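Only one structure is covered here, and it is reproduced in the block below.
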Amino acid sequence: MFVEPAIENIIFNYSEFLMAPTNLIIAPLFLFTLFSLVRVQEGVEDSGKYPIVVSTWPFLEAVRAAWEAVDKGFNAVDAVVEGCSACEELRCDGTVGPGGSPDENGETTIDALLMNGATMEVGAVASMRYVKDGIKAARLVMQHTKHTMLVGERASIFAISMGLPGPTNLSSSESMEKWTRWKENNCQPNFRKNVVPVDSCGPYQPKDNLGHNKGICSEANSIGTIESRTCLVGTHSHDTISMAVIDKMGHVAVGTSTNGATFKISGRVGDGPIAGSAAYADDGVGACGATGDGDIMMRFLPCYQVVESMRQGMEPELAAKDAISRIARKFPDFMGAVVAINKDGVHAGACHGWTFQYSVRSPDMDDVKVFTVLP
């Protein structure tokens, strides 16, 4: 058993302490305190539960990168940055990092979030142009500003001024080809509603009569039925990486990175950089990550809901299902998922509208393991 030198000194001096007869009365209390110190030390060194890495989707290399960092002794925040950075470099599924998800103008932009569950500090960037390192930019916001989020071109200027490479064209030949095909299809489907024209690339104007000229994806009507978005949202158009890490000391951090929804209206910000929506962490409880239709999900702050439910005693599986069911009751056609992990390392996922997979690496695993969750 490993014992700190300071505790060794206490044990050595205990014999001298007992030599004084008047100290025999308080000796039992001394022994109890000493035993508690040794137990605490054992908990730090030999907990067996930590570290642990959890991520949305089978982003195996990202989880391996985070695991390698945290297993070497990196703290949870830095391990999250390593994992999400790996996904950005690999352009996971084309929905993370540069080169994917063009907006209406053909441009790729980045959303990212980093949250420290020990201090509750958050750094985020949204609709960031010209800088490919989203999660590192989020860390710079956390470390070097008193703000929570920076957006748009000003976020890019800040990130570059703090040492990140740029300006860089975030588009790729693949993203531009996808955008060109979309333009040739009269910009369909798109995220516009209640506008005219409905079958071309604009310019758009609000339509006078909401009962006419319904667009391809619009199902809204006068009695308030919520429109279907299934033609806009799919597994490969909303694959945010949302990662949680618990480090060897039991501290929790989460991070996200995404290039957002494909063919989004320029300037759109999804749930990826929103604390409580795509991710949330609290050292005393655990963490949550989310992915899916961010425009819908951010209205419910599902990850905040998951963590608060776990705080009240819910197991991760029930907390995850509860958060998803709250959204599904209002938006029965939405697609999304959450993954929850509590401070004991117990994890679970829940989803709606698609089959969801999440990845885990823990001390009892030889490599990353992928878990499948059915709707």
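Each position is counted from 1, following the chain as shown.
Placed from the backbone N, Cα and C atoms, the Cβ positions cover glycine too.
Just so it is clear, the model here is predicted, and its values are computed rather than measured.
According to TrEMBL:
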ACT_SITE  THR240  active site, nucleophile
BINDING   ARG268, VAL269, GLY270, ASP271, THR291, GLY292, ASP293, GLY294  substrate binding site
Under 8 Å by Cβ from VAL269 (substrate binding site), counting only residues of that chain that are 6 or more apart: ASP111, ALA126, SER127, VAL151, GLY260
Cα-to-Cα gap, THR240 (active site, nucleophile) vs THR291 (substrate binding site), nearest whole Å: 5
Other C-beta atoms that fall within 10 angstroms of the C-beta of ASP293 (substrate binding site): 25
Long-range Cβ environment of GLY270 (substrate binding site), under 8 Å and at least 6 residues apart: ASP111, THR240, THR258, GLY260, ALA261, LYS264, ALA278, GLY294, ASP295, MET298
THR291 (substrate binding site) CB neighbourhood, other CB atoms within 10 A: 31
Distance in Å spanning the most remote Cα pair of ARG268, VAL269, GLY270, ASP271, THR291, GLY292, ASP293, GLY294, given for substrate: 16
Protein Cβ atoms within 10 Å of ASP271 (substrate binding site), excluding its own: 32
